[in-house]
Amino acid sequence: MENNSTENLDVSGGGDEGSVNKAPTNGSPQKLNENSSLNPLTNQTYFADEKIQIPEIETGSFSFKKLWAFTGPGFLMSIAYLDPGNIESDLQSGVSAKYKLLWVLLGATVLGLVMQRLSARLGVVTGLHLAEMCHRQYKTVPRIFLWLMIEIAIIGSDMQEVIGTAIALNLLSGGWIPLWAGVLITIIDTFTFLFLDKYGLRKLELFFGFLITIMAVTFGYEYVVSAPPQLEVMKGMFTPLCNECDSDALLKAVAIVGAVIMPHNLYLHSALVKSRDIDRRQPKKVKEANMYFFVEAIIALLVSFVINVFVVAVFAHGLFQKKNSDVYKVCEAAGDTLGMDTFKNLSTPIDADLYKGGIFLGCQFGIAAMYIWAIGILAAGQSSTMTGTYTGQFAMEGFLNLQWARWKRVFFTRTIAIVPTFFVASYASLSDLGGMNEVLNAVMTLQLPFATLPTLAFTSSEQIMGQFKNGIFNKVIATLLSAAVIAINIFFVTQQVKEKLPNPNWEVILGIVIYAIIYLGFCLYFVIHMAVAMGAECLTRNRLIAKYVGGPAEMSFALTNPAVYARVNPAFSIQENLNGSYNTLRLE
């Protein structure tokens, strides 16, 4: 810390970008209010009164007991890698390119791990999650834009969960529960979530673990009964080629990346790690927490990767290069009338989705396989619903400094998600509902820069992360990978627009152009902010950048020693810029 004074200081929670009230001109100190939005434990969604204690282990070696104490946030985060949108993307990649895109799935998961590590480190080191840091580091307009983009991603994800749950209920009921009714039944998720939430954080984490286990068992069962050739699966996983792949396979590869790396998941993970009681007065403890959270994330994403591989391999083995007539004959031989109605006796390629995937499994391996598939999809939808609710709550509290009761947040998100999905389910076919997943993946793909760019900016800033900032190697690798993913995703969205709107009228074209200008403009803003945070302070010599973007030293406040930034530590500090002179403000 720069000094050890015990001045009483007053910092307001209001104002632009979490600004600090200007000190009186006579330099007299002000008092930091306990209710200020700068307090890192104000307005917590959960775990404010229930932090998981970390056991003290004398030995300096790796401790499984400590790992267990840190286990939880990573598995909750990994559920975004297993939502119905991901499962459908896996299924379609297997049908389109067999095992040849498994290496893309592996690479996307590794990149996801890199970004999740940075997200978790931000929460561990600063005691603030990503949305809270955005509130403090960005001007009002870009901050509100960020919040809107993340809300769109959350609602899009929730729509996929509604679709997955409705399809699962339709399959489990043998078609007796129509899709529109299944969509309405998902309202019950609200009560399920609130019921479980009352039993404490650790029990909630265990329940998520139970849902992941259900997915592993159900999709693992399908993998075992279909028995794909293991050598081909391994070859597809580690051979970065896609020989004889057509344009459709290329789009499926891009869709995998977009489905796996979810923008709102970075906001979620940075908040979940705050549930552990970490003594930030000791950098050694912060470093230890970073290590254990990273190990947990590796384990969690390894589990999610294996489950995704199960899905890809099952449908690659069963439906690659198959026509509708091929599956029709299988269903006819099994006496499955539902399958015969689903797969017409036509020589057209199969356009697979979650529903058709379940019907195929029922025809090929018996009705039990279809029910087991549906249970897995139901578990995916339910688990994703709950994590999506938390993400929405974190975003609202962080960006807007606004508290809502959890049931209101669930109701708000689910209502917006249900309305369009209900109308599609009522007036369209199952294939239309499945096609919605592709559109939703494209929508969420567009939001990715608004999670990766702030994450890279904050974790690369010495003013924010102190000794835990990203090194040169991490900065270069993470930036290049993020740029590649963003470029790939924009290509994917462009192709989706061309496919869905082959002959748009001028009003649609004008709307797309206006949105593209706004979108790219904000992307440029966040790129400049990231460059300044990474050390390119020469950019702030430009008056416009200095005024509208700022720099590490010109921010309203900056953390001067993040390793001690926590409510449990009385040495929390911020800086205030008074006409070029910086005063260190302290909460004693």
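For all residues, glycine too, the Cβ spot is worked out from N, Cα and C.
Automatic, uncurated: that is what TrEMBL annotation is.
Sequence annotations record features per position, and here TrEMBL assigns region 'Disordered' to 1-39.
Summarising the annotation, TrEMBL assigns compositional bias 'Polar residues' to 22-39.
Non-local neighbours of the transmembrane segment (144-169) in the same chain are 80, 83-85, 87-88, 131, 134, 138, 177, 179-183, 185-186, 189, 262-264, 267, 354-355, 358, 374-375, 377-378, 380-382, 384-385, 388, 391-392, 395-396, 399-400, 413-414, 416-418, 420-421, 425, 430, 433-434, 436-437, 440-441, 443-444, 446-447, 450-451, 454, 522; each lies 6+ residues outside the stretch with a CB under 8 Å from one of its CB atoms. As annotated by TrEMBL, transmembrane segment applies to 144-169 (among others).
The feature transmembrane segment is assigned by TrEMBL to 175-196 (among others).
Look at TrEMBL and you will find 208-229 (among others) tagged as transmembrane segment.
As annotated by TrEMBL, transmembrane segment applies to 249-268 (among others).
Same-chain residues lying 6 or more positions outside the transmembrane segment (289-316) and placing a CB less than 8 Å from one of its CB atoms are 54, 66-67, 70-75, 77-79, 81-82, 86-87, 90-91, 93-95, 97-99, 101-102, 105-106, 109, 112-113, 116-117, 120-121, 124-125, 212, 215-216, 219-220, 222-223, 226, 228, 233, 237, 260, 269, 273, 276, 278, 352, 357, 360-361, 468. Taken from TrEMBL, the feature transmembrane segment covers 289-316 (among others).
Annotation comment: TrEMBL describes 359-380 (among others) as transmembrane segment.
Annotation comment: TrEMBL describes 411-430 (among others) as transmembrane segment. Residues of the same chain lying 6 or more positions beyond the ends of the transmembrane segment (411-430) and with a Cβ under 8 Å from any Cβ of it are 154-155, 158-159, 161-163, 166-167, 178-180, 182-184, 186-187, 189-190, 353, 355-356, 385, 388-389, 392, 404, 436.
Taken from TrEMBL, the feature transmembrane segment covers 442-460 (among others).
Look at TrEMBL and you will find 472-492 (among others) tagged as transmembrane segment. Nonlocal intrachain contacts for the transmembrane segment (472-492), taken as residues 6+ away from its ends with a CB within less than 8 angstroms of a stretch CB, comprise 111, 114-115, 118, 251, 254-255, 257-258, 261, 442, 445-446, 448-449, 452-453, 456, 460, 530, 534.
If you look up TrEMBL, you'll see 512-533 (among others) marked as transmembrane segment.
Here the transmembrane segment (208-229) sits against the transmembrane segment (359-380); at least 3 CB pairs are under 8 Å, leaving out pairs fewer than 6 apart in sequence. Sequence-distant contacts of the transmembrane segment (359-380), counting only residues of its own chain at least 6 positions beyond either end whose CB sits under 8 Å from a CB of the stretch, comprise 82-84, 86-87, 161, 164-165, 167-169, 171-172, 211-212, 214-215, 218-219, 221-222, 225-226, 314-315, 318-319, 327, 330-331, 334, 336, 338-339, 342-343, 352.
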